[in-house]
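Visitor: Let me begin by handing over the structure; questions about it come next.
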């Protein structure tokens with residue numbers, strides 16, 4: 001029993017480390033798997049792709065890199081990219097150095113005598129920016145100037161890009177991105193835990209070596225529990241939210257028995273484990289503050305999509321290899337219709353907000369209550385309305401949430417106590433974060449006085465704790481309870497519409513990030529000498545014929561060897577080849 005767990009963990013750790021070889025977990029055939037199609041095969045994509053500058057040149061990571069490469073080959077455009085890079089650097093500069101960095105940008109790019117002067121930024125805007133810089137520099141100082149540059153780039157430069165080999169290469173990447181995804185796209189490793197409809201296991205993309213967590217939703221279990229809308233809702237929300245503080249959906253596919261969500265793998269365990277199983281319960285305030293800030297950023301990204309999470313609790317906050325956190329398990333999240341409120345008594349006992357317990361209509365307010373519960377628990381080492389391991393009925397916990405005030409020990413600083421009280425205000429209308437400004441209001445609380453959120457969002461701040469890379473922060477394989485077999489449920493063609501909505505393959509932004517992070521983009525994104533067209537982008541160069549299979553090569557060789565034979569034997573042999581060829585094709589298509 002113990003041996004099985006050791007073997008499973010050893011295999012997983014080796015996969016996480018890249019297998020110990022130069023390929024870093026990639027298949028021997030990874031270049032074959034990611035071989036570009038000839039550009040002639042991308043014409044349908046060219047006709048149908050949405051030609052939106054923001055999407056193609058900014059939001060999509062590979063699109064952004066290729067547009068930059070295009071600009072760097074055009075005299076006069078390179079300085080615009082350099083200016084945008086400088087503005088991005090300015091926004092993550094420490095507050096005390098903003099003035100100095102701002103002056104550098106003004107002098108280099110917004111002064112007429114400069115060799116890289118950005119003429120497209122109007123003089124009135126330059127004067128306003130300079131005045132604000134002299135008064136008090138802020139993070140958003142150059143936002144309007146950057147917007148002005150983007151407005152210029154989305155014009156003639158963007159249209160030139162669409163006719164360039166760089167956009168053709170982007171179409172090749174999109175063609176690869178849209179290839180079918182199946183269970184054979186991945187290697188499967190040990191079970192990490194259980195979800196509502198099935199197991200969660202570690203997996204690895206064969207082509208890139210990137211590790212993910214695969215959440216299996218058993219088809220029969222979904223159908224028995226009538227969970228189709230819940231499963232599809234989670235998938236669609238994950239697909240739309242692109243946040244470094246929320247687990248990302250990279251792939252969605254189906255097998256004969258299950259629907260599979262391939263998600264960011266978080267190897268560092270959950271906050272519940274770290275609060276209660278690593279020394280004395282709770283964290284030092286500095287560590288609690290860091291996690292609270294990242295959770296707040298994740299909520300802000302969800303709320304930007306008008307999505308309320310509704311299930312904030314320590315076990316749903318996961319740590320990655322480096323100690324950063326992400327919000328996971330969006331099964332109870334729901335998108336709120338524009339200008340509307342929703343109702344629903346869902347969540348976890350002890351963490352549900354008063355308005356949820358009272359079955360009142362609400363918007364995003366339950367998430368700020370949940371944040372208050374989390375900050376309290378991280379510092380105190382127990383939840384605000386229930387003692388650690390306290391045996392108490394659900395009704396009593398609900399009563400405490402509605403009627404009693406939480407108790408604060410010596411562990412809380414005045415700022416920590418203040419933010420918890422303001423987030424745990426029972427009247428949602430008076431709660432911190434529930435006004436028009438939302439997360440921005442919470443960020444201004446004195447508890448976060450020393451937190452530079454721009455640098456945090458850019459991944460430039462070191463976490464207070466880094467998980468052990470040689471540890472597997474989950475239960476032993478045999479301690480994870482297995483699901484029972486679902487009986488009395490049959491799958492039929494009426495389920496196919498739901499499966500087709502779910503199994504949509506790769507998700508653009510995570511897939512493109514995977515190509516960049518695993519250096520597949522760097523290795524494959526090669527053009528001809530001195531910027532010339534490579535054969536796969538040359539319309540006058542016919543595409544390479546597909547490689548022949550082993551059987552075809554053997555038959556060809558045998559045919560050549562027998563070409564000197566008598567006509568009768570040759571006819572007989574050809575008949576034999578044709579028979580085998582038909583048989584082989586039949587087998588291959590099954």
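Just so it is clear, glycine is given a Cβ too, placed from its N, Cα and C backbone atoms.
Annotations for this protein, taken from Swiss-Prot, read as follows:
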{"type": "REGION", "residues": "1-185", "note": "region 'N-terminal'"}
{"type": "REGION", "residues": "20-39", "note": "region 'Interaction with calmodulin'"}
{"type": "BINDING", "residues": "192, 193, 194, 195, 196, 197, 198, 199, 200, 215", "note": "ATP binding site"}
{"type": "ACT_SITE", "residues": "311", "note": "active site, proton acceptor"}
{"type": "DOMAIN", "residues": "449-514", "note": "domain 'AGC-kinase C-terminal'"}
{"type": "MOD_RES", "residues": "484", "note": "phosphoserine"}
{"type": "REGION", "residues": "531-590", "note": "region 'Disordered'"}
{"type": "REGION", "residues": "546-565", "note": "region 'Sufficient for membrane localization'"}
{"type": "MOD_RES", "residues": "579", "note": "phosphoserine"}
Visitor: Which of these binding-site residues has the least crowded Cβ, counting other Cβ atoms within 10 Å: 196, 198?
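Guide: Counting other Cβ atoms within 10 Å of each of the binding-site residues 196, 198 gives the minimum at 196.
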Visitor: Using DSSP with the three-state reduction, classify residue 200 (ATP binding site) as helix, strand or coil.
Guide: strand
Visitor: Which of the three DSSP-derived classes (helix, strand, coil) applies to residue 192 (ATP binding site)?
Guide: strand
Visitor: Can you tell me which of the binding-site residues 194, 196, 200 is spatially closest to the residue listed as 'active site, proton acceptor'? Compare CA atoms only.
Guide: 196
Visitor: Taking the Cβ of residue 200 (ATP binding site) as the centre, count every other Cβ atom within 10 Å, in any protein chain shown.
Guide: 21
Visitor: Averaged across the region 'Interaction with calmodulin' (20-39), what pLDDT does the model get? Just tell me the whole number, please.
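Guide: Here the mean pLDDT over the region 'Interaction with calmodulin' (20-39) amounts to 87.
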